[in-house]
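Asks: Sharing a structure, written as structure tokens. Questions coming.
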């Protein structure tokens, strides 16, 4: 009669393989016959993490699976230099990132040079237009008018200067349309009043062209200009007046290729009476647009070879960033699968919960930084190609924003590789260790800061120019935290129009805020970082996580020591002090009770 011994090993994980073996005891055989039949013949799923498999095949016991998952975690948390020393693996990703940083920096420098020239060109031209078209311009962007005659004289001055610009202005300016358009934004009230005593009203925006001069412009007075162009005589219902005209610059050098381009300025002189407070603000602003030059005159010259080279350079940068982004996505996928395997191991083998903090160890924030920089570089390079060939000046700001973020993240990412060296990783380790405490501290302090901001804006806003709105109030308080401009903030409140209570509140408010944030909040904030640095300096490394202790095989050393010398000792002491108890058998039963947990 044969006896069968069944050894069954099963696991629910997709990374394990189920096997069942039968062992027969037969007297006719000198030794045992071992037959192994896998229930699942399919090859186990494998996932390579930095050149090492992360599959957990099921033909081993718990100790073997623990060693395998420990080896894979140790390989995952090795830096590129350690991997190179162990397996002579070339740091291809590091080389790719260095090449990308160099190319992107050169690309951003070229773009910034062109953008600076364009912004400076626009700013200088707007200043020229203000000097020419604003009456009694004193260098301030905003002028105030209080009399009707002042409004007419100001509009007359703009009209005169427009029609004699050729004899006044320096530069290759040209007006495509010899006319100024005047737009009036006013409220129209119906003449009929409803039975309930109300009257309907609506907004109207009529626009018409001002008449050009029929004789010498110098001879036309502002009174004649007013009558000829039917300027409004009553300003009670007028909220805004706009004088709109255009100027073209037919020749300028703004690009490194020294090719001339033509630009058009859409100028608007705004007379703002929206507050209806007896004061009309006058401002001049302009939008710049590219204009097709007169090719027949030879003014529009493109050096196509330069643009071909720059476009080719941009395409190369885009391709490199696409490769880098794909590698980041592949790494994210591998990290996720390794995290799931580790979670399964701790849950099924250790019967422990894999916490959110443990999962954060598998998120490589440096890769997130690289992925974001790749996206910004791809977007910025694409916009740059559009600007080079189609010329949309409104995209310059979006392009500069993309390049700025990309260059910042790319250069900050170099700190990752400096952190591999012991002498350069103090800053990174300190920031990483203290980051959770810093976030919690910022959340608490920001609530106090928001309360002070809203309170200061509500109470001091009408009487203090540094509290006119929430944005200015927040900037003012942040400057006070850094110790800037304190005396001016204390004494800039308008005392003539404010109640004495507001004046006293201003003093108490500023003293309390400055004392609280400078002497308490900032000191505690610095103390958090300093305490973390001191602990790292004393121990030589930050506190290790459970994953790091598990990789070193020390995860349960502290717990075991605590159970043996702490928990067991307390229970023994408790049982020994109970009346009529404390025999050696009871002590032995207590020790046996803790054997499984140890």
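The backbone N, Cα and C atoms fix where each Cβ goes, and this holds for glycine too.
Please treat TrEMBL annotations as automatic predictions, because they have not gone through curation.
Got these off TrEMBL a minute ago, pasting:
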type: TRANSMEM; residues: 94-112; note: transmembrane segment
type: DOMAIN; residues: 118-294; note: domain 'Mucolipin extracytosolic'
type: TRANSMEM; residues: 306-329; note: transmembrane segment
type: DOMAIN; residues: 308-538; note: domain 'Ion transport'
type: TRANSMEM; residues: 360-383; note: transmembrane segment
type: TRANSMEM; residues: 395-418; note: transmembrane segment
type: TRANSMEM; residues: 438-460; note: transmembrane segment
type: TRANSMEM; residues: 508-530; note: transmembrane segment
type: COMPBIAS; residues: 567-577; note: compositional bias 'Basic residues'
type: REGION; residues: 567-590; note: region 'Disordered'
Asks: Taking the transmembrane segment (395-418) as reference, which of 94-112, 306-329, 360-383, 438-460, 508-530 has the most Cβ pairs under 8 angstroms?
Replies: 360-383
Asks: Report, as numbers and ranges, every residue of the chain located at least six residues beyond the transmembrane segment (438-460) whose Cβ falls under 8 Å of a Cβ in that stretch; write 'none' if there are none.
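Replies: For the transmembrane segment (438-460), the far contacts come to 467, 469-470, 473-474, 476-477, 493, 502, 505-506, 509, 513, 516-517, 521, 524-525, 528-529.
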Asks: Any idea what the model's mean pLDDT is for the domain 'Ion transport' (308-538)?
Replies: 86
